Amino acid sequence: MSTEKINLLDFDRKGMRELFAQELGEKAFRADQVMKWIYHFGVDDFDNMTNINKQLREKLKQKCEIVAPVVSEAQHSSDGTIKWAMRVGDQDVETVYIPEEDRATLCVSSQVGCALECKFCSTAQQGFNRNLKVSEIIGQVWRAAREVGLEKETGRRPITNVVMMGMGEPLLNMKNLIPALEIMLDDLGFGLSKRRVTVSTSGVVSGLDQMTGKIDVALAISLHAPNDKLRSEIMPINDRWDIQDFLASVRRYIASSNANRGKVTVEYVLLDHVNDGTEHAHELAQLMKDTPCKINLIPFNPYPGSPYKKPSNSRIDRFQKTLMQYEHTVTIRKTRGDDIDAACGQLVGDVIDRTKRTAMLKAAKGETIEVKAL
């Protein structure tokens, strides 16, 4: 397939209409028709778009293509979770399907690897190679929807929620993240509710400020420590934007958002005898008193070579109860897919060059910001 062809998965509705007008000489409604075929029916063959005239189909075949990541490996958990390794170029990223009684969530990657070097995250230990294209982000959703299929055919629940919590820091890939989110929300795309699409960030303040007022989705923040000293030890990004800078940016976003209903989800991974003491719980409760939130506790998911351990159930329970004394809403995330290394912090994928982290961060400066070498 010619590399010169235009991948239609790289365009949101506005971009698709512009493409059809400028490159194909076609009206906007034709672009809308093609988007419906791609996202409503999972069609990637122009000949199967039966309400498109033959002349346009031939033009599309000559100039365009519909190419999503392909599944190179699938692992099925005993709890119904599926982890797909999806091939992007000559590398793999990981995408996870998590079915529940009332919904099915897809965890999507935004980068090949991750540059932020959070000490407790398996992905971060693999290095960073590049940002994913729009087609490689939305293509994970497209491919997963095809793999899951219709409920009546496979018995699997269709995807109802998307969380940008896979490999990578989404807000370091703003250029491609925003169009992908637009397609997820668009009625011509996947038509998901803005409350069912969640972006998680480790604290890229400039990226979050760019999102404010631009796109409205649910926000989750990876906090993981109640003070700057500890957070900088386990999350070096805190040396660039400290907790107060981060939370101020969060409050700005929440103030402009309807999707979050005035609250942010705080993610807090519990590391045994590192950040899980009652003193940490008291400190966290005080820290969040001015930021409306719900706190999601995540017991650490071990991976080979990790220096950290999962806390005992008694320590987890004590941490939760301490927070609840302050009338915070506190949940403990149920671990899913840990038998196939698909749980939070376990995604690895296939990263070729572990030396590119700093160079790639500098290259990303033109898209968002420059994070100092961590």
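The backbone N, Cα and C atoms fix where each Cβ goes, and this holds for glycine too.
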**Study point:** Per Swiss-Prot, GLY168, GLU169, SER222, LEU223, HIS224, ASN301 bind S-adenosyl-L-methionine; matching candidate in SER193, SER200, SER249, SER256
**Key:** SER200
Exercise for review: May I ask which of the recorded positions CYS107, GLY168, LEU223 is closest to CYS114 ([4Fe-4S] cluster binding site) if we compare their C-alpha atoms?
Suggested key: GLY168
Study note, to complete from the structure: Spacing of the two Cα atoms, GLU94 (active site, proton acceptor) and SER222 (S-adenosyl-L-methionine binding site), in whole angstrom, works out to 19
Exercise for review: List nothing but the largest Cα to Cα distance in Å, as a whole number, among the residues GLY168, GLU169, SER200, SER222, LEU223, HIS224, ASN301 that the record says bind S-adenosyl-L-methionine.
Suggested key: 19
Check your understanding: Nearest to LEU223 (S-adenosyl-L-methionine binding site) in three-dimensional space, by Cα, is which of the recorded positions CYS107, CYS118, CYS121?
Key -> CYS118
Exercise for review: Provide the number of Cβ atoms within 10 Å of the Cβ of LEU223 (S-adenosyl-L-methionine binding site), excluding the reference atom itself.
Suggested key: 27
Study note, to complete from the structure: Neighbouring CB atoms within 10 angstroms of the CB of CYS114 ([4Fe-4S] cluster binding site), all protein chains considered, total 28
Review point. Counting only residues 6+ apart in the same chain, whose Cβ is under 8 Å from the Cβ of HIS224 (S-adenosyl-L-methionine binding site)?
Key: CYS118, PHE120, ARG231, ILE234, MET235, GLU267, TYR268, VAL269, ASN275
